[in-house]
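Engineer: Got these off TrEMBL a minute ago, pasting:
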- 111-122: compositional bias 'Pro residues' (COMPBIAS)
- 23-482: domain 'Major facilitator superfamily (MFS) profile' (DOMAIN)
- 103-126: region 'Disordered' (REGION)
- 21-45: transmembrane segment (TRANSMEM)
- 171-195: transmembrane segment (TRANSMEM)
- 201-218: transmembrane segment (TRANSMEM)
- 230-253: transmembrane segment (TRANSMEM)
- 259-279: transmembrane segment (TRANSMEM)
- 300-318: transmembrane segment (TRANSMEM)
- 338-358: transmembrane segment (TRANSMEM)
- 365-385: transmembrane segment (TRANSMEM)
- 397-417: transmembrane segment (TRANSMEM)
- 424-443: transmembrane segment (TRANSMEM)
- 455-477: transmembrane segment (TRANSMEM)
Amino acid sequence: MPPAAERAPRCWLAAGRASRRLVLVVVFVALLLDNMLLTVVVPIVPTFLYTTEYEGANSSVAPARTEPAPPASKAPPFSSMFSYFDNTTVTVSGSTSTVDLANGMESSHPLQPPASSPPLPSGCPGGEEFLANENVRVGLLFASKALVQLMVNPSVGLLTNRIGYHIPMFIGFVIMFLSTVMFAFSGTYALLFIARALQGIGSSFSSVAGLGMLASVYTDDFERGNAMGIALGGLALGVLIGAPFGSVMYEFVGKSSPFLVLAFLALLDGALQLCILQPSKIFPESTKGTPVFTLLRDPYILVAAGALCFSNMGVAMLEPTLPIWMMQTMCSPKWQLGMAFLPASISYLIGTNLFGILANKMGRWLCSLIGMAVVGISLLCVPLAKNIYGLIGPNSGLGFAIGMVDSSMMPIMGYLVDLRHTSVYGNVYAIADVAFCMGFAIGPSTGGAIVRAIGFPWLMIIIGVINIAYAPLCCYLRNPPAKEEKIAILSQECPMETKSYTTQKTLRDFPLTDDSDVEAENAE
């Protein structure tokens, strides 16, 4: 092979490792796969548990309760009488009465006694009590991922400050691959729970390291906002594909098939990371980042984190409860349980890409305020749906509004660190991911219990009102003040105005002269 041909792949790799766009592609793919795995289980787990536990238990008990029918050849005593009046034989026992006439045979069947409960409509699952309990169990299973991620995130933030972002990204890929394979071959609730919790660890490494890497590569606030919007588009695309893909594959191919496809895509993502990120090298931050607890005492960061938490809590509550509510009230088949989330996913994809650019012009705080208000209104409209078509409007508004909040708040978190703290982003995006995970931990775990206690419509009212009430707090992010040592950063063009304080009295030059007092008075 000629030397030029040998050098070509090396030159391509060197150029790729220096390219910000390829870093963005790596983060995009990682968030895509993470959120595909996050949502692909949403339509699968409720129906899988119902099929394996409720229907399996009933099918095994049913034969034991069935009494054997008496032999047809052996008639019970006094089972018939012969009438000499009209030469007929009348059967007086059994479930039917048969009249054998001398000139022929006629059969008549009496009406069956009414059933104890009215029959369910075609396609509606039985076991109301089982489905009510399943709300809680499925909610805890879904919340396990966010709970584990919540605990791991601060450690990952500290780790990225010490060794850089590349190795944690690759660790996230390895754990995500193991979790996906475990989902494919898990057949019990306990194994599914462990696989979901394992996914939380991998997701923590991928999301914190990925978003921190983007913030460190895109230093300009305008470019960073666009890059975050594209990366969150990968998150939205994963949510978009995951639930419909899972429901269709589960219905027509089998439970393991969607997870095996995701495992193959994860291998491709790992190969891309090996080529671009060089995860064997350590790239520590040149400056020490602001401690997590210092950032948590910043009220502006807390307001931004709260917006991320409550806006995503709405869709987190829908994930375990909406499919079961559809099974109970709409008698929906399996494939519709995932398709119900399709409008929300499409509109989220549009919202993140659209407002990644528009938020710069209209103000990110205003985008977040409007988005949280629309989230609340959309959640209030969800229980009004009578069929899957009635869910299109509320879910579309929900997804679009969450896209507005996410694409505005993620760049704000990085901007607040630039403005008020040290420009090292691992810890602040750990906080952002903690807020995101709190929504997905509190939402499913409490949502199932609330549905069991007071019903699905009241759950939507509660979380909808919370979002509407929280929205005005986004006004505090309109003019965040800068610390004195960070005033130099304000020379960059930023979408948010900042406050700085100067003395009112004009300072005099040194050394002082006899005319300095007169000059100062004239200046005033």
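From the backbone N, Cα and C atoms, a Cβ is placed for every residue, glycine too.
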Engineer: If contact means at least 3 Cβ pairs within less than 8 Å, sequence distance 6 or more, would you call the transmembrane segment (259-279) and the transmembrane segment (455-477) in contact?
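Structural biologist: Contact absent: fewer than 3 Cβ pairs fall under 8 Å.
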Engineer: Restricting to CB pairs under 8 Å, which listed stretch, 21-45, 171-195, 201-218, 455-477, is in contact most with the transmembrane segment (230-253)?
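Structural biologist: When the Cβ pairs under 8 Å are tallied, 21-45 comes out ahead.
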Engineer: Along the domain 'Major facilitator superfamily (MFS) profile' (23-482), what average pLDDT does this model show?
Structural biologist: 78
Engineer: Is the number of Cβ-Cβ pairs under 8 Å between the transmembrane segment (455-477) and the transmembrane segment (201-218) three or more, considering only pairs separated by 6 or more positions?
Structural biologist: no
Engineer: Does the transmembrane segment (201-218) reach the transmembrane segment (424-443), going by 3 or more CB pairs under 8 Å (6 or more apart in sequence)?
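Structural biologist: These two segments touch.
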Engineer: Which bits of the chain, at least 6 residues beyond where the transmembrane segment (365-385) starts or stops, bring a Cβ under 8 A of a Cβ in it?
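Structural biologist: Tertiary neighbours of the transmembrane segment (365-385) are 307, 310-311, 314, 318, 322, 351, 355, 358-359, 391, 393-395, 397-398, 400-405, 407-409, 412, 456-457, 460-461, 463-468, 470-472, 474-478, 496.
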Engineer: In the same chain, who gets a Cβ under 8 Å from the transmembrane segment (424-443) while lying at least 6 residues past its ends?
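Structural biologist: Beyond its ends, the transmembrane segment (424-443) has Cβ neighbours at 142-143, 145-147, 149-150, 153-154, 156-161, 165, 200, 204, 207-209, 211-212, 215-216, 285, 287-292, 295-296, 301, 304-306, 308-317, 319, 409-410, 413-414, 416-417, 463.
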Engineer: At a C-beta cut-off of under 8 Å, are there same-chain residues at least 6 beyond the transmembrane segment (338-358) that contact it? List them, or none.
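Structural biologist: For the transmembrane segment (338-358), the sequence-distant neighbours (Cβ-Cβ under 8 Å, at least 6 residues beyond its ends) are 39, 42-43, 225-226, 228-230, 232-233, 235-237, 239-248, 315, 318-319, 322-323, 326, 332, 367, 371, 388, 391-393, 395-404, 406-408.
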